[in-house]
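Peer 1: Questions regarding the structure given below will be posed in turn.
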Amino acid sequence: MYSIKTDHKLMPRERLIRLGPEKLSNQEQLAILLRTGNKEKHVLELSAYLLSSLDSLADLKKFSLQELQRLSGIGKVKAIEIKAMLELADRIQIAGQAVADPVLSSAQVAEKMMIELGDKQQEHLVAIYLDSQNKIIEEKTIFIGTVRKSIAEPREILYYACKNMATSLIVVHNHPSGLTKPSANDYHFTEKIKRSCDYLGLICLDHIIVSKYDYYSFREKSDLF
């Protein structure tokens, strides 16, 4: 659990101006984002309460909008603001990790995508489009799955490949269960997308399954490539 302190004489905004954002605690940073408290709790107490509900700061990402709203003092508006802040932070991190150099291995792509998709609670299918120098042209989320729906047709993957005039592509999806062992459907889909790419003169470099801590590369571990 976090150790929460509320003895600062200056309010978080004043401390940020005077000392810089890197000097503020997680509690103070969150208090700035929350902006105000409520009738029962000062904003610093509210941020302390929220952080005390976590084992680690990373757990904040796991709260759904509804779960945040169920916390005392966190209404709908504050819950929306927190979720938006977390999503923006993810996008900033992803943008900062954009691969400018050529993609040289499946492991390189897997490491990047484990960060991006490892915490997702639904299955995400992402296509990474590359030019003739193996540099990334675009990374596109093609599909977000539900319990009743699974990855089906490669049509949309190929549409964006043609739109980007890509030379090759890599398909990545996550297993929310944390287990990266491919299913029979994963094998079938890999064969299907590879055949479709061959038909259009595209190179399917790999299909990678990721979790938070592991990955499976069809190129590295199967005989499909």
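Even glycines carry a Cβ here, placed using N, Cα and C.
Since the structure is predicted, the reported quantities are computational estimates derived from the model, not experimental observations.
The following feature annotations were taken from Swiss-Prot:
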DOMAIN    102-224  domain 'MPN'
MOTIF     173-186  motif 'JAMM motif'
BINDING   H173, H175, D186  Zn(2+) binding site
Peer 1: In the same chain, who gets a Cβ under 8 Å from the motif 'JAMM motif' (173-186) while lying at least 6 residues past its ends?
Peer 2: 113, 117-118, 120-126, 143, 150-151, 207-216, 218, 222
Peer 1: Averaged over the domain 'MPN' (102-224), what pLDDT does the prediction give?
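Peer 2: Reported value for the domain 'MPN' (102-224) is a mean pLDDT of 91.
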Peer 1: For D186 (Zn(2+) binding site), write down the residues of its own chain that are at least 6 apart in sequence and whose Cβ falls under 8 Å from its Cβ; none is a fine answer.
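Peer 2: Same-chain residues close to D186 (Zn(2+) binding site) (Cβ under 8 Å, separated by 6 or more) are H207, I209.
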Peer 1: Across the motif 'JAMM motif' (173-186), what are the DSSP residue counts per state (helix, strand, coil)?
Peer 2: 3 helix, 2 strand, 9 coil
Peer 1: Check each residue in the chain of H175 (Zn(2+) binding site) that is at least six apart in sequence and keep those whose C-beta is under 8 Å from its C-beta; list them in sequence order.
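Peer 2: Within the chain, H175 (Zn(2+) binding site) has Cβ neighbours under 8 Å at E123, I209, V210, S211.
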Peer 1: Provide the three-state DSSP residue tally for the domain 'MPN' (102-224): helix first, then strand, then coil.
Peer 2: 42 helix, 36 strand, 45 coil
